[in-house]
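Asks: First the structure, then my questions, so here it is.
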Amino acid sequence: MSTQSTHPLKPEAPRLPPGIPESPSCQRRHTLPASEFRCLTPEDAVSAFEIEREAFISVLGVCPLYLDEIRHFLTLCPELSLGWFEEGCLVAFIIGSLWDKERLMQESLTLHRSGGHIAHLHVLAVHRAFRQQGRGPILLWRYLHHLGSQPAVRRAALMCEDALVPFYERFSFHAVGPCAITVGSLTFMELHCSLRGHPFLRRNSGC
C-alpha cells in the first residue's frame, strides 16, 4: 500500500520548518552527511511509523504497517528497505519483504518468505514537510535499483488505490488485476514490475 522522469539527485538538504519536531533518528548534524540513502534498521522503526501514521491515517484511516510490524520486517529483512535521510533525519522510506506466490494474499501483509523471489512493497511514505518535492519518485527509482542488485529478487509487487496506478506505471509497474487483499471496506489494484530484462534496474543503489 503506497503513496506518489527521475534520475538520482543530490538535493540540498532542506531543514524541518519551525514547529515540526525532529525525528528520534536525528543525530548531531555536524557529523552527518546532508543527504543519504541507506537501508533501515530496527532503530529507525519509531521514526518510520511516525511518518507513516501521519501520511495514511488521515487519508485511509489505517496504516499499511504498525510499529510492531515495522520492527518485525526491519529485523527479518532490512535489506528490502530504503530510507532517505537529511542530516540524520528520516524524511522518506520504503519497506518491503519477500513473497513466494504469484499473487499477493492477505497473509502477505505480515509475512516474509525468505525463499521468495517477489519483493512486496508494503509502504512508501514521505514526511509531510518534504512532500511535493519529487522525493517519492526519486526514492522509488533508487529502491528499484537496489532491488535489482539482489539476484534473488526477480519482481516487485505492490497494491495501491486505482488513482495511484498511473504513478507506478511510470516505473514499469503494470496492473495485474484487483488485489485479493482488502482492508476493511478498502479495495486495491495489484501491480507488478519485472526486474529482469531492464538493465537500468540492475545498478546498485549503494544501499
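The backbone N, Cα and C atoms fix where each Cβ goes, glycine too.
Copying in the features that Swiss-Prot gives for the protein in this structure:
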- LEU124, MET159: substrate binding site (BINDING)
- LEU124, ALA125, VAL126, GLN132, GLN133, GLY134, ARG135, GLY136, PRO137, TYR168, GLU169, ARG170: acetyl-CoA binding site (BINDING)
- 35-194: domain 'N-acetyltransferase' (DOMAIN)
- THR31: phosphothreonine (MOD_RES)
- SER205: phosphoserine (MOD_RES)
- 1-28: region 'Disordered' (REGION)
- HIS120: site 'Important for the catalytic mechanism' (SITE)
- HIS122: site 'Important for the catalytic mechanism' (SITE)
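Please situate the listed features within the shown structure.
Replies: For the recorded site, MET159 (substrate binding site), the DSSP three-state label reads strand.
HIS120 (site 'Important for the catalytic mechanism') carries a strand DSSP state (E or B). Residues within less than 8 Å, Cβ to Cβ, of HIS120 (site 'Important for the catalytic mechanism') and separated from it by at least 6 positions along the same chain comprise GLY96, SER97, LEU98, TRP99, LEU104, SER108, ALA157, LEU158.
Of all Cβ atoms in the protein chains displayed, 24 besides its own lie within 10 Å of the Cβ of HIS122 (site 'Important for the catalytic mechanism').
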Asks: Tell me the coarse DSSP state (helix, strand, coil) of GLU169 (acetyl-CoA binding site).
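Replies: It is helical.
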Asks: Where ARG135 (acetyl-CoA binding site) and LEU124 (substrate binding site) are concerned, what is their Cα separation in Å, rounded?
Replies: 11
Asks: To the nearest Å, how far is the Cα of PRO137 (acetyl-CoA binding site) from the Cα of LEU124 (substrate binding site)?
Replies: 10
Asks: Out of LEU124, VAL126, MET159, which of the binding-site residues is least crowded by other Cβ atoms within 10 Å?
Replies: VAL126
Asks: Using a 10 Å radius around each Cβ and all protein chains in view, which of these binding-site residues has the most neighbours: GLN133, ARG135, PRO137, GLU169?
Replies: ARG135
